[in-house]
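Here TrEMBL flags 12-344 as domain 'Fumarate lyase N-terminal'. Here TrEMBL flags SER99, GLY100, THR101, SER141, SER142, ASN143, THR189, SER321, LYS326, VAL327, ASN328 as substrate binding site. Positions annotated as active site, proton donor/acceptor by TrEMBL: HIS190. Taken from TrEMBL, the feature domain 'Fumarase C C-terminal' applies to 410-463.
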Amino acid sequence: MTKFRIEKDTMGQVEVPADKYWGAQTERSRNNFKIGTPASMPLEIVYGFAYLKKAAAYTNTELGVLAEEKRDLIAQVCDEILEGKHDNQFPLVIWQTGSGTQSNMNVNEVIANRAHEIAGKVIGEGEKTIQPNDDVNKSQSSNDTFPTGMHIAIYKKIVETTMPGIIKLRNTLHDKAVVFKDVVKIGRTHLMDATPLTLGQEFSGYVAQLDFGLKALENTLAHLSQLALGGTAVGTGLNTPKGYDVLVAKYIAEFTELPFITAENKFEALAAHDALVETHGALKQIAVSLNKIANDIRLMASGPRSGIGEIIIPANEPGSSIMPGKVNPTQAEAITMVCAQVMGNDVAVTVGGTQGHYELNVFKPMMAANVLQSAQLIGDACTSFEENCVAGIEPNHTRIAELVSNSLMLVTALNTKIGYYKAAEIANTAHENGTTLKHEAVRLGYVTPEEYDAWVKPEEMTGGLK
Ligand SMILES: O=C(O)C[C@H](O)C(=O)O
């Protein structure tokens, strides 16, 4: 039998499970928003709150509006939250108020009750040692804390998970581009045979795509580093002591060891979440790149007998429950599914970004959760794709050579010697007769065998860019 205690808020009394630190407002949210339960508010956002609540307590004390003992209690609980000791105290869902007020109050209530316990008191008995609204939420509103928490969470996720994953994949693709620099293969445009290039050149294109993507993502960090805290309810900073916004951002930067600063314009920071739209735009760009790269790789690896088969990818697991010996490009399938999810999330983030009415954007939890999901998925998928697929890619030299020598588009090398029309006639005739280019070129009397061998050299058709 669950035991309950009574918690109060401005609307009255609420029964709360006795073994939980949360209070009346969290419990009301639990009861009023049974949407996609269990808890879906990302813990990263809760941790972002823990950093900012600790920073707010330090700033409030330094500016003379919070007693030192209260600061120390608040900071101690924030540290415990950051150590993961209270992960089960945050039961709320994304699908709640669009300001995230109930998650802000969830953090305030947990900090207050746990602080009461640390102070040697019994939760639910006597006056609270720390008040959730007056002490933990001092100089704050949900309207500036939630955007601050989400910026901290997303910034950390991008630098700790997303970028390292992309860089790891980028570096391995680069290593492969170097190793494959002399492997001449047939190019394809419109999915049809084209002139040759090297496998290294092809892979260097993938590297460049990811370099541009990384640059785009890095460029979004400046906007993400700007924090709304200090704006309070509508951006004016009502109920904050002078200098609070700059100092609280300084403390957040110190505690997170990341370059956070106070937002230049708090009205923008509360009412618009263009920073998230911008960041997700870069994540979408990377998803588009990854989708192209993974598709190329799985098509090049198709076969083994009836496909293109130009590269061999690691056989990590049996691919089929019914077809013995079948191996599938599962890593490419996983990463392209991630790309689809990220592209879908981009629509949600874009719609969310439009929902700023006057002084407040009210799609905060949904936007934050989607950006966090995309950032996590891209980082993890890049790491998985690198370790389980790209690192093990080997060229199938025999098949590559066979496809190059069979290609009719080698005839392009003759354009400058005999003209486009005669070259086209050679290609068309070879195709119709099922013969080789050389055979038809000589038979039609346009070149001698020696000229053909001297002029049609696939390795000299790759443009010298290695
Ligand atoms: O929760 C708050 O601090 C403010 C709330 O989001 C509101 O603007 O109504």
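Cβ coordinates come from backbone N, Cα and C, glycine included.
Note that this is a predicted model, so its numbers are computed, not measured.
Locations of recorded TrEMBL features on the structure.
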residue: SER99; record: substrate binding site; DSSP class: coil
residue: SER142; record: substrate binding site; DSSP class: helix
residue: THR189; record: substrate binding site; DSSP class: strand
residue: LYS326; record: substrate binding site; DSSP class: coil
Substrate site span - longest C-alpha distance across SER99, GLY100, THR101, SER141, SER142, ASN143, THR189, SER321, LYS326, VAL327, ASN328, in Å: 58
Residue counts (helix, strand, coil, in that order) that DSSP gives for the domain 'Fumarase C C-terminal' (410-463): 41 helix, 0 strand, 13 coil
Recorded positions near ligand 1 among THR189, HIS190, LYS326, ASN328 (Cβ under 6 Å): none
Neighbour tally for SER99 (substrate binding site), based on other Cβ positions within 10 Å of its Cβ: 22
Recorded positions compared (HIS190, LYS326) - the one with the fewest other Cβ atoms within 10 Å: HIS190
Binding-site residues compared (THR101, SER142, THR189, ASN328) - the one with the fewest other Cβ atoms within 10 Å: THR189
Of the binding-site residues listed as SER99, THR101, LYS326, the one whose CA lies nearest the CA of HIS190 (active site, proton donor/acceptor): LYS326
Average model confidence [pLDDT] within the domain 'Fumarase C C-terminal' (410-463): 96
